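Single-structure report; data block below.
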Amino acid sequence: MDAGMNTSTHLKAQARCPLQEHFLPRKSSKENLDRFIPNRSAMDFDYAHYALTEGRNGKDQVAAAVSSPSREAYRKQLAETMNLNHTRILAFRNKPQAPVELLPTDHSASLLHQQPKSVKPRRYIPQTSERTLDAPDIVDDFYLNLLDWGSANVLAIALGHTVYLWDASSGSTSELVTIDEEKGPVTSINWAPDGRHVALGLNNSEVQLWDSGSNRQLRTLKGCHQSRVGSLAWNNHILTTGGMDGQIVNNDVRIRSHVVETYRGHTQEVCGLKWSGSGQQLASGGNDNVVHIWDRSAASSNSTTQYLHRLEEHTSAVKALAWCPFQANLLATGGGGGDRTIKFWNTHTGACLNSVDTGSQVCSLLWSKNERELLSSHGFTQNQLTLWKYPSMVKMAELTGHTSRVLYMAQSPDGCTVASAAGDETLRFWNVFGVPETAKKAAPKATHEPFSHVNRIPRNIVSPTRKQDMYRVLSVSLSQPRISSLHSNQSSTEGEMGKEMESPKEQSSYTVEQLVAVNPFNPEILPDLENYVNEQVTSQTYSLDANLCLLRLYQFEPERMNTHIVARILLKALMAMPAPDFSLCLFLIPERVQMEEQFKTLIVLSHYLETGRFQQFWDEAAKNRHILEAVPGFEQAIQAYASHLLSLSYQKVPRSVLAEAVNMDGASLDKFIEHQVANSGWIVAKEDGSIVLPQNEFNHPELKKNTGENVSLEHIARIFPILG
């Protein structure tokens, strides 16, 4: 403590600070006397001898040689650097002590008690593979994907027409299937999320689904493509396939008519497919040097699917794709032999964040699950694996051993080991990503629940004391893996989180609204808020506070803004009319975003609704149905708002006016009126078919309550002197 430091220590600290040297008391030493006696210990005798004998001649020569100010400046700089700029021979004072510190005394005293910072030891990265297996007959084709490691710790590899399974837990090898000559060879392979079922893409355009536990074929998907299927990607029950015909097809494996969406954008073979961690965006790379970003929500609402972004900065085929596990909107892509670069993209805006020239063909990319690191595999000339530190992109290690281009890589479920297969017909295993920390281990879960890393309690008022507990639990929960509390079998990680709290009674956490109220500017909750918006859409619920919090976070981190999420927020706000939610949300959106076509449309629709011009609203809505259909229940919500507005304006509304307001006619209008008669007290007039609306203080002013207040003359009299 500063107050507890003794006087001698304080004076020593002050003596080391050059800013306070002139405040020290004078000492009885020679340097403080008034007699000019040279101090021999402070003199440079070698320089003194030079200055008295040769220095004057040298200065005269230099003065004669100097012909310009620049030469004179150079000479002075050189003299200062070489310590030749002395002006005196004799010295009368001691040399000043070298400054020990440059901080004020209070800071220096506190630094004396500081503990040294712990330095994280550098991880050892083995330069050789820890295991090598033979892979005879593996197809040496850059555009195929023949290796994958499933969540059950089983590695699948296609060697020619045969698929083999290698169990990493036991080290055993088994044959899954050998494809017929007229159908094969196998051109792609990908495990389902359950780790039991595996999909095989074939050269004859078919896709087969197999059960690895029973070695049984489940079904064959036909009619998706016209030629070989070189890439596969699972998204829960959706199997996405990419073919040489340039098409991308989403297949729902649960139903007979499995083709549910088709993406058209590539003009040549699709050689890379990867779904984002949230399952909302799909990245595709092709032999046409193009990367496309597709949005799943846009695809489900529109028959003619349009890509979200078209990225054309690569100059060669793009097969290597990898979504960042710690930043949802970050995608890494690698180009072929004519490009040789790794590029990083913000998939929300389509901006290229960085580009790194690797010097060789990029065949595959993998992110570390435990560190901010990226592993790339390459072709000619070194056929190496390169480990990069992100975001600096400094090379941490280069792993060599393959003698041909390293076409395929797969990562173990724990994220530690990487398997690589190359045209040299070897399969090598590298312990490149190290051992994950215990705190980072968590059981995989099939679906992500918004704010699933904390438990839920009923909504209630939070006291100040309770808020302190929430801050503590929130800081713990955000540092832990996200685990759904909806599962009955809680994992061990949840038990460890419980130990952080004092008693089982306090073992509770919080709803979305409470977390937003406690820590609204924490960027860690941004992905969860985005997922919560999607949950509002699917479950047809609404939370204005959570949506406003997300828009505010976008203001602080505009590069992470997802315009599709913003559009959904505005649509939900329109559905809340006549509440002013749309205006509240719009004020938090930058003008450059509002200038996009979809937001211009929403602003026009909002204006029509606010002014009661329903005919114009429905006409504009019909032109932009692809935007509005992204949110279920939108049309019904607007019809309810129109009915509410009519009830405030009419005592008896003609049928034609009602039909125009709710955009209905015929049988659908009759059904709507019947529903309102049964639930809202509407009455259908027998004489003309018009609708008599329930009485309220707006359509019947006589029902309006008198809200006037009686003000005594005594209070009014006090104002008169002021007015006078």
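The backbone N, Cα and C atoms fix where each Cβ goes, and this holds for glycine too.
Source: prediction; values computed, not measured.
If you check TrEMBL, you get these features:
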type     : residues : note
COMPBIAS : 482-494  : compositional bias 'Polar residues'
COMPBIAS : 496-505  : compositional bias 'Basic and acidic residues'
DOMAIN   : 542-701  : domain 'PCI'
REGION   : 482-508  : region 'Disordered'
REPEAT   : 179-220  : repeat 'WD'
REPEAT   : 263-304  : repeat 'WD'
REPEAT   : 311-355  : repeat 'WD'
REPEAT   : 399-432  : repeat 'WD'
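Here the repeat 'WD' (311-355) has, by DSSP, the following mix of helix, strand and coil residues: 0 helix, 24 strand, 21 coil. For the repeat 'WD' (179-220), the model's pLDDT averages out at 94. If you look at the repeat 'WD' (263-304), the same-chain residues 6 or more away from its ends with a CB under 8 A from one of its CBs are 142-145, 230-236, 240-250, 310-312, 314-323, 325, 328, 331, 333, 335, 339, 345, 347, 350, 448, 527, 530-531, 534, 537, 564, 568, 626, 629-630. In terms of DSSP helix, strand and coil, the repeat 'WD' (263-304) has 5 helix, 19 strand, 18 coil. Across the repeat 'WD' (399-432), DSSP classifies residues as 0 helix, 17 strand, 17 coil.
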